[in-house]
Amino acid sequence: MHSKAKAWSLLLLLILVFGAFVEGSHGSKLSQNYYKSTCPQVLSIVKAKTESILKKKPRMGASLLRLHFHDCFVNGCDGSILLDDDLTFIGEKTALANNNSARGFEFVDDIKAEVEKTCPGVVSCADILAIAARDSTVVLGGPSWKVKLGRRDSITASRADANKFIPAPSFTLSALKSNFHAQGLSLKDLVALSGAHTIGLARCTTFRAHIYNDSNIDPSFAKSLQHKCPRTGKDNIHRRLDLRTPISFDNFYFRNLLKKKGLLRSDQELFNGKSADSLVKKTSTIAAVEHLVNLSETVETYSYFHDLLKDAFNSRPHFISNMIGNKFALTNMALFRSLLLIILIVAVSSCQANAKLWPNYYSSTCPQALSIVKAEVAAAIKNETRIGASLLRLHFHDCFVNGCDGSVLLDDNSTFIGEKTAVPNNNSARGFNVVDNIKARLEKACPGVVSCADILAIAARDSVVRLGGPSWKVRLGRRDSTSASRSAANASIPPPTSNLSALISSFSAQGLSIKNLVALSGAHTIGLARCTSFRSHIYNDSNIDPSFANSLRRICPRSGNDSVLAPLDRRTPTSFDNLYYKNLLDKKGLLHSDQEIFNGSSLTDGLVKMYAADTSLLFKEFAKSMIKMGNIKPLTGNAGEIRINCRKAN
């Protein structure tokens, strides 16, 4: 690693450790890996149950998210909202904000029962609420974030406290700010977290005063609501918090506020000529995950460090002075130097024990690694140009299933059915023999050093470069999984029939943004697809050029010829360029999922036009997105293994 990069990596470690030291004085720190050894299945259990629930009842996603909000606002995120009344207390379920309103308790019970079967007495109800809130957001098309875990459950609850602390729908901006400030949340957090009202419904009683008494509401909007919610009666009539997309997590809630169409008074107060207006305007175009993390942790230090780390990458020269001047100015400099020395020792040992991905990972252990992979990829593409797209696709399909761990390469064995026969891969994924050849050469040069997961990452980059695309520095240091899952592959890899909402949800679940989705879709500028992948698009969809559809129907009839191939980019199928996007502008995307990213959506159409017009911009964003995708849940340190044969565990 270059000395400058080393310095910054070490500095980030120092600051994270120092943050943990300061935060540790307030109590144990939550960790995303809290259940890694005691209940490693918990995240998958909660995710599966949440997905099942929302498939039947999409509205329940908003209810589960709201439970987490209302739990955290009353004496912290401790699961107290779930407690029934008993002889010693009256709980929070009958508080004004929850009575005949809070829902989803039975589903939390179902999740808890499933978790208890697997890990009895391990996972708290408070943590279940936090995970279910994140998973609900993701399923409905919103962002994902790493949930910090380790909360324990309270043994009591208080209706009085719930009435006191949960903000009412009649609140003014001043009252909202005061309420959120009491929880350690800023005005920025308030505005972003209010975006949860992009999903769900509200009762007539909660918005009646707003639609009859307030002036900061669109008159026609108010009248439409007054028809359903009279001045008296019909208290339990429900209306959508977001008129346009009530079961999709997006930013239309904020756009509604700009038009004075906030359903609740407390909603419209965010955009009412006061201090929050600029944040609403900004958030109407972006979304911020960090505020949900802030709510779930209710620890100011995390938010500060999150911002500091962003500052470190965006404006490094000011980083240290900001850190010391703003938050950690210590009068006793001798104490500070002693602490810094201790932190340095801890940071160095931590760096050795928990290696992160970086481009020069093999510089001393296998310096020939990059040149060996490059030569083998070049030879394979010279023999068959199409193999470049196949190698790139292997890396995609590997990373989307439980992270970039080489699991896609594993053959079935007596303990699992692997990913090769999953629907997206069966009779489709290829290039395994090329990976075998690369691995064999690496094992001769550096036995037991280079992982199969890293081979996929390097080969993907080298394939793109060989076919005329951009280059990037591949971060290395992944280790290989010892297992694979066909069911996980079927669930996680987006099919070619996906609509835009499903694509956004799928990518968001991997921590990838809409920009990443559109940029990475550019991989379809190379390669071929089978008739089965595009048949429904050319026969059933209207957003396709008729002559283009007719030309494809000649080789892909309504039945038969399933394995006939067509180029994803008919103009330059073996060159990595931006013609894929130009095809989309002409409604000549081969797959339904391709054309979905240019189909009248304000979220993606602009990006497609930009990439169609500017190859250099596409190359830049594709490279950045590949680096980000390659960093999905890698196994590092002592996790996993370095396979000797990529097709089977050691």
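Using N, Cα and C of the backbone, Cβ positions are placed for all residues, glycine too.
Since this is a predicted model, take the numbers as computed values, not measurements.
Looking up Cys646 in TrEMBL gives a disulphide bond whose other cysteine, out of Cys452, Cys531, Cys556, is Cys452. Of the listed cysteines Cys366, Cys404, TrEMBL assigns the disulfide bond with Cys399 to Cys404. In sequence order, Asp569 are the binding-site residues from Val401, Asp405, Asp569 with a C-alpha within 10 Å of the C-alpha of His524 (heme b binding site). Here the domain 'Plant heme peroxidase family profile' (356-650) has a mean pLDDT of 96 out of 100. Cα distances from Asp569 (Ca(2+) 2 binding site) to the recorded positions His397, Asp405, Glu419 are smallest for His397. Considering only the recorded positions His397, Gly403, Asp405, Ser407, Glu419, the residue whose Cα is spatially closest to the Cα of Pro494 (substrate binding site) is His397. Same-chain neighbours of the Ca(2+) 1 site beyond Asp398, Val401, Gly403, Asp405, Ser407, Glu419, judged by a C-beta within 8 angstroms of the site's C-beta center, are, in sequence order, His397, Cys399, Phe400, Asn402, Cys404, Gly406, Val408, Ala453, Ser481, Ala484, Ala488, Ala489. With respect to Gly403 (Ca(2+) 1 binding site), the closest of these recorded positions in Cα terms is His397, chosen from His397, Thr525, Thr572, Asp577. Asp398 (Ca(2+) 1 binding site) sits 20 Å from Thr525 (Ca(2+) 2 binding site), taking the C-alpha atoms as the reference points.
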